[in-house]
Amino acid sequence: MEPIEQQLTELRTTLRHHEYLYHVMDAPEIPDAEYDRLMRELRELEAQRPDLITPDSPTQRVGAAPLTAFNQIRHEVPMLSLDNVFDEESFLAFNKRVQDRLKSTENVIWCCELKLDGLAVSILYENGVLVSAATRGDGTTGEDITSNVRTIRAIPLKLHGDNIPARLEVRGEVFLPQAGFEKINEDARRTGGKVFANPRNAAAGSLRQLDPRITAKRPLTFFCYGVGILEGGELPDTHLGRLLQFKAWGLPVSDRVTLCDSPQAVLDFYHNVEKDRPTLGFDIDGVVIKVNSLALQEQLGFVARAPRWAVAFKFPAQEQMTFVRDVEFQVGRTGAITPVARLEPVQVAGVLVSNATLHNADEIERLGLRIGDKVVIRRAGDVIPQVVNVVLSERPEETRPIVFPTHCPVCGSDVERVEGEAVTRCTGGLICSAQRKESLKHFVSRRAMDVDGMGDKIIDQLVEREYVHTPADLFRLTAGKLTGLDRMGPKSAQNVVNALEKAKATTFARFLYALGIREVGEATAAGLAAYFGTLEALQAATIDELQKVPDVGIVVATHVFNFFAEESNRDVIGQLLAEGVHWPAPVVINVQEIDSPFAGKTVVLTGSLSQMSRDDAKARLVALGAKVAGSVSKKTDLVIAGEAAGSKLAKAQELGITVIDEAEMIRLLGA
């Protein structure tokens with residue numbers, strides 16, 4: 001056997017293995033970028049020796065074989081995949097190939113849309129009624145998932161409107177919004193169920209359940225992007241026109257679909273979507289670019305496994321492979337001990353990543369991770385990089401187990417793990433310098449007491465030099481003492497003292513949040529402040545009374561009660577008040593007497609506002625009798641969506657909650 005034959009055989013075997021893991025087992029072992037690299041390598045070798053191309057080569061088909069647990073459906077029109085480009089140069093080369101094949105010098109009109117990271121499905125409607133649904137499978141045969149697809153509320157069981165074809169096969173992507181993904185994993189961790197690595201795996205696993213009742217509990221959704229069978233009817237002669245027609249018939253279509261009349265316009269679309277990617281509320285891995293004219297699509301035709309008139313322009317990979325060199329343990333402000341993987345540095349989504357969170361001991365056990373392992377790292381948006389899975393097939397011989405500490409790595413105190421919790425905590429409290437540092441950093445942060453100019457490095461020095469032990473000590477600092485810190489001159493020191501003086505005037509909600517009570521975020525702090533009105537009333541509240549606050553359950557109520565029951569905490573609060581920390585007296589609001597469209601409503605703000613600050617909006621809403629919550633739930637009455645609204649908007653849409661924009665909010669505020 002020639003060396004190139006051996007190389008081709010090994011590449012095909014490797015790709016088939018990973019196709020099986022991805023398409024059939026829903027348990028990919030390598031990131032998409034590595035699969036794409038292997039596929040490109042195989043194509044290049046086959047281009048050198050076309051006589052060695054075999055019919056079963058991964059380059060000659062679309063996906064892996066369907067599961068045998070489901071009935072199979074043969075696609076009357078094959079479900080092809082798309083070729084990929086990864087940079088501007090490759091896209092421009094693709095654009096030129098299209099123009100050359102069309103023998104045209106005029107710009108092509110492109111229809112650009114999001115490349116959703118979910119599961120491709122085909123849905124067949126006969127006389128407007130959903131009769132079957134299938135996965136892509138290998139492109140010619142897929143799994144029958146009709147019962148499961150019928151449970152997805154975004155997909156209509158019957159189309160509405162006029163001129164619906166006798167047989168219409170709609171193609172699109174089933175996916176799981178990030179809010180739904182987080183909820184599924186949260187429930188799984190609590191019940192000991194399967195935790196999914198990413199939303200795509202969760203969507204695929206949900207859709208391939210043999211019991212549709214399980215699928216029905218998962219908040220899957222769907223966007224359509226194309227057509228297969230079309231009989232007994234007509235569709236518009238442009239891709240965008242077809243999408244708009246689908247929408248008119250009740251099918252969900254992404255609102256990020258744009259016509260571009262030049263290659264530069266396509267590149268602008270690509271970069272705008274890439275910028276907005278972290279706020280979409282669901283995962284995408286690129287944009288799809290299609291010739292808009294159906295006549296030109298037909299003229300361009302297909303290659304073996306993909307159309308010539310479309311391409312997927314993929315973003316820089318959010319997943320990459322690297323090695324775990326060590327694991328260290330960090331201590332947070334509540335004593336939580338978090339394992340952090342120290343990695344062989346690797347570029348992920350344009351950022352050099354050398355650390356990744358491992359969350360807790362349960363996560364290490366779930367991953368089966370050992371020091372020295374080859375792992376897949378994922379970084380999405382502003383999310384801290386995390387280890388997705390271990391590449392077990394490439395585990396080195398010299399790996400060693402990860403041993404969780406029995407004593408705090410900073411102060412040496414015993415660690416404990418409360419039954420029912422995943423987190424291990426240091427019992428040292430303020431004896432532990434790590435907890436003191438993190439508590440003080442939280443206290444002065446922008447959304448807490450907002451002490452301008454007091455950064456992490458200043459806090460570290462203040463604790464290490466024993467200048468500060470509690471938050472109250474901050475307000476006793478002098479410019480002279482601060483001047484002794486590294487890189488702190490007299491002017492900078494005085495600015496910090498001035499900022500501390502300014503921060504004394506705060507709000508009750510900010511003060512509560514700054515105290516760092518476990519499980520009390522901004523929204524909960526605001527809810528507690530609004531409900532009790534005064535610090536005295538809150539300190540005197542029982543656990544039962546605390547649970548009367550919206551969105552406060554037994555766990556949060558217990559943490560709040562225990563915090564105020566601790567004498568040292570009450571002492572620190574007393575010192576803070578003695579140093580001059582204060583806030584306005586509460587304004588008693590009788591909601592029943594307020595004539596406002598917001599009175600008595602639970603409202604959630606999401607996205608960025610252009611006409612006023614988030615705090616101003618909250619204050620005005622509360623003044624009109626609203627309760628402003630931090631998360632969307634079934635109890636939410638209204639969501640106000642600003643620019644770049646993300647997962648909260650997606651969850652509101654899933655739950656059918658009324659959504660208004662900033663302009664409508666301002667109109668109602670003045671009503």
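Quick reminder: no glycine exception, Cβ is built from N, Cα and C everywhere.
So that you can see what the record holds, here are the features copied from Swiss-Prot:
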- Lys115: active site, N6-AMP-lysine intermediate (ACT_SITE)
- Asp32, Ala33, Glu34, Tyr35, Asp36, Ser81, Leu82, Glu113, Arg136, Glu173, Lys290, Lys314: NAD(+) binding site (BINDING)
- Cys408, Cys411, Cys426, Cys432: Zn(2+) binding site (BINDING)
- 593-671: domain 'BRCT' (DOMAIN)
In the structure shown, which of the binding-site residues Leu82, Cys426 has the fewest other Cβ atoms within 10 Å?
Leu82
On the DSSP side of things, how many residues of the domain 'BRCT' (593-671) fall into helix, strand and coil, could you say?
28 helix, 18 strand, 33 coil
Rounded Cα-Cα span from Lys115 (active site, N6-AMP-lysine intermediate) to Leu82 (NAD(+) binding site), Å:
11
Can you tell me how far the Cα of Asp36 (NAD(+) binding site) sits from the Cα of Cys411 (Zn(2+) binding site), in Å?
47
Can you grab the distance from Lys290 (NAD(+) binding site) over to Cys432 (Zn(2+) binding site)? Cα atoms, rounded to a whole Å.
59
Which of Cys408, Cys411, Cys432 has the fewest nearby Cβ atoms, counting only those within 10 Å, among these binding-site residues?
Cys411
Per DSSP, to which secondary structure element type does Lys115 (active site, N6-AMP-lysine intermediate) belong, with helix, strand and coil as the options?
strand
CB-centroid shell, 8 A cutoff, Zn(2+) site Cys408, Cys411, Cys426, Cys432, site residues removed:
Val331, Gly335, Pro409, Val410, Gly412, Ser413, Val415, Thr427, Gly428, Ile431, Ser433, Ala434, Gln435
In Å, rounded, how far does the Cα of the residue listed as 'active site, N6-AMP-lysine intermediate' sit from the Cα of Asp32 (NAD(+) binding site)?
14
Using a 10 Å radius around each Cβ and counting other Cβ atoms from all shown chains, which of the recorded positions Lys115, Arg136, Lys290 yields the largest count?
Arg136
Let's check the environment of Glu34 (NAD(+) binding site): how many other CB atoms sit within 10 Å of its CB?
18
Leu82 (NAD(+) binding site) in three-state DSSP notation:
coil
Could you check the binding-site residues Asp32, Asp36 and say which one's CB has the most other CB atoms within 10 Å?
Asp32
Kindly state the mean pLDDT of the domain 'BRCT' (593-671) in the predicted structure.
81
Could you give the Cα-Cα distance between Cys408 (Zn(2+) binding site) and Asp32 (NAD(+) binding site), in whole Å?
39
